[in-house]
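According to Swiss-Prot, the protein has these features:
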- 1-23: signal peptide (SIGNAL)
- 24-189: domain 'Reelin' (DOMAIN)
- 39-123: disulfide bond (DISULFID)
- 151-177: disulfide bond (DISULFID)
- 190-383: domain 'Spondin' (DOMAIN)
- 194-331: disulfide bond (DISULFID)
- 197-410: disulfide bond (DISULFID)
- 209: N-linked glycosylation site (CARBOHYD)
- 320, 349, 353: Ca(2+) binding site (BINDING)
- 437-490: domain 'TSP type-1 1' (DOMAIN)
- 438-475: disulfide bond (DISULFID)
- 449-484: disulfide bond (DISULFID)
- 454-489: disulfide bond (DISULFID)
- 496-550: domain 'TSP type-1 2' (DOMAIN)
- 497-533: disulfide bond (DISULFID)
- 543-549: disulfide bond (DISULFID)
- 553-606: domain 'TSP type-1 3' (DOMAIN)
- 565-569: disulfide bond (DISULFID)
- 609-661: domain 'TSP type-1 4' (DOMAIN)
- 610-645: disulfide bond (DISULFID)
- 655-660: disulfide bond (DISULFID)
- 663-716: domain 'TSP type-1 5' (DOMAIN)
- 676: N-linked glycosylation site (CARBOHYD)
- 749-801: domain 'TSP type-1 6' (DOMAIN)
């Protein structure tokens, strides 16, 4: 394949116009593309193509041998420090195809970072750099082609200065085949074993970039947050999550509820495959200056068996969206540990909930779908939607940085290191690729060889980065390695003893004053002649503990690890302890402190530490008419992680419906009036008053006047009878008046005003009533005059028929 492509590139160089030092003109590129088929690989530099070096690599996340049709995979093109590249081209071809036709290409790429990568204008299926500048890593997503495509070859070309690195087999080519029934049991787990020695300790730092400024569409202002980070360092036999796989119950609870409890339980059940459980606090809100100054971090360790790390955290609120790393390999091919990993993250869907917006109601996905990265074309209501299909803006960045190495280091160097050094051209060996924006100290002297025997090892020198003037330009590593041979051969007896490395020094034998410490090594291989090894296997040296000894001194252990901070947010205290190994010789009390405490600072406390569901609809009004109350509720989706949840879970408000009907309301009936005639047949009446008029369709008022018949003595006939009745009536009135005058004289404290005039008749005909009143003028306070009260009289009027 390489032999066929080299003449193609030479023909391209020969046919084009004169080239500038750094690239082709756009016109030349267009002509070259049209002359050589649908999509030829066009390199943007001048020079001879060379085989790819091992410092450049093309990697599919998880290093799978098989792909699942339709699944998405993260593809990384990287350069090992201090190498770098300025330009690149990345394509995916069906095995055996040249790429001259559109149907030769397999699968589709998805841009992650538009500032780093773009599709080629003259070859839309290929990915290239956005701008020609120094870089050490680019990433894209590749979606596998449909069933029946067969094997696919991912190929990359690298441009560095005037030298073109191009390789069709090796580190810049990745062959991956379709998973069929025969390979269905094969997973996408990494298959390469780690050859590094000892353990390495790393710090994970998480920088959230999701904010209203970067992602304004439907941004949840009050409830935005990152859930607690959960993950582990693990072996290739355990998978926390992966693209194309199904979410476990633990992943589901992180994705939907932000709860890491079940996920941690699942991790701890894999005790043989897990070295460290990785945990970091949640962030409320998702972005603030504190998250940049003191970003959430966690430390973890890896070893030869458990050299992968995975983690995830929920982007909340959301249906089931997360970010994270899956099976990130921290072991290098040259049996070392990666110094630093920087990964930009975009959200992915756990496949357990079908919501499309941040605060969509719960809608379980049945059946459950596979984990996949979100895209800008998923749904028009999605906050990441882009009708043009652009890339999703990054929501977070994670940095993995090696902070310590422990245990034995490898006593060998891979054979290909000598080949790599010898293969470099002389001018490349001497050339310093250090950018002008990176200011270093001088190199330190070379260290002793890592091998203590007659084996191949390596030695190291270091320098210090004093200043980085341009943060966008990466600075090369501060360490340099060189192959060497160890001094482990014994010349005294003509035989060879193979020795191990020295074990770590023991603690000092005393807790005060001067003592000793020792270290050991062992014989890995005795001489063939059966003689004894004369190489020392133990070393002892003096050690001094600063504190002077006295008879009252006591022997104590080393300090233990610090306890966790007493506060989950804000300022708290942390403590560590040690124990007394031996009491003072003089029998006194040991004055050494066995507990030490100091302040610790956790992420800033926030007022919204819990995740709530959206408000429900308002209930019906509590009444059917008039004024009432209605309520709505919401649920606590996940427990508070930084304190109690003080948010209200129920709200109430007033509601108003049409006015209720008001029925007519009347007073009680009055007493019957006197008969309206002095003799013969007549009638009496009684009345009642309207207290409340009917309203809003209430019951109408019934009658307010009732009349009944009455009969007085028979009327006497003749002219003298009328005169007699009038006289009797007059005498009666005089008698009543005289009685009243006597009462007033006997009880002068009860005085009444004169009768008022009669009121107007209540009706014009048919019998009405008139009223008059006598009001009390002066009333005694004594209880024996309680009969002294206002008086009222009624009489009939307008009794003629209507």
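Each residue, glycine too, has its Cβ placed from N, Cα and C.
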Q: Compute the C-alpha separation of residue 438 (disulfide bond) from residue 353 (Ca(2+) binding site), stating it in Å without decimals.
A: 48
**Q.** Residue from 320, 349, 353 whose C-alpha is spatially nearest that of residue 331 (disulfide bond), among the binding-site residues
**A.** 349
(Q) Let me check the 10 A CB neighbour count of residue 533 (disulfide bond). How many other CB atoms are there? (A) 17
Q.
Here's one to test understanding: among the binding-site residues 320, 349, 353, whose C-alpha is closest in space to the C-alpha of residue 449 (disulfide bond)?
A. 349
Q | Between residue 565 (disulfide bond) and residue 320 (Ca(2+) binding site), the C-alpha gap once rounded to whole angstrom | A | 31
Q. Along the domain 'TSP type-1 5' (663-716), what average pLDDT does this model show?
A. 85
Q. Can you tell me how far the Cα of residue 349 (Ca(2+) binding site) sits from the Cα of residue 194 (disulfide bond), in Å?
A. 31
Q | Cα separation, residue 320 (Ca(2+) binding site) to residue 497 (disulfide bond) (Å, whole number) | A | 60
Q: Going by Cα-Cα distance, pick out whichever of the recorded positions 151, 194, 209, 676 is nearest to residue 543 (disulfide bond).
A: 194
**Q.** Cβ within 8 Å of the mean position of the Cβ atoms of 320, 349, 353: remaining residues of the chain near Ca(2+)
**A.** 255, 256, 318, 319, 321, 350, 351, 352, 354, 355, 365
Q: Would you mind pulling the DSSP three-state label for residue 655 (disulfide bond)?
A: strand
(Q) Counting across all protein chains present, how many other Cβ atoms fall within 10 Å of the Cβ of residue 660 (disulfide bond)? (A) 14
Q) Counting every protein chain present, what is the number of Cβ atoms, excluding its own, within 10 Å of the Cβ of residue 543 (disulfide bond)? A) 17
Q | residue 543 (disulfide bond): secondary structure state under DSSP, collapsed to three categories | A | strand
Q | Of the recorded positions listed as 197, 353, 475, 533, 645, the one whose CA lies nearest the CA of residue 151 (disulfide bond) | A | 353
Q. Taking only the recorded positions 475, 645, 676, which one has a CA atom nearest to the CA atom of residue 484 (disulfide bond)?
A. 475
**Q.** C-alpha spacing of residue 197 (disulfide bond) relative to residue 177 (disulfide bond), in angstrom
**A.** 33
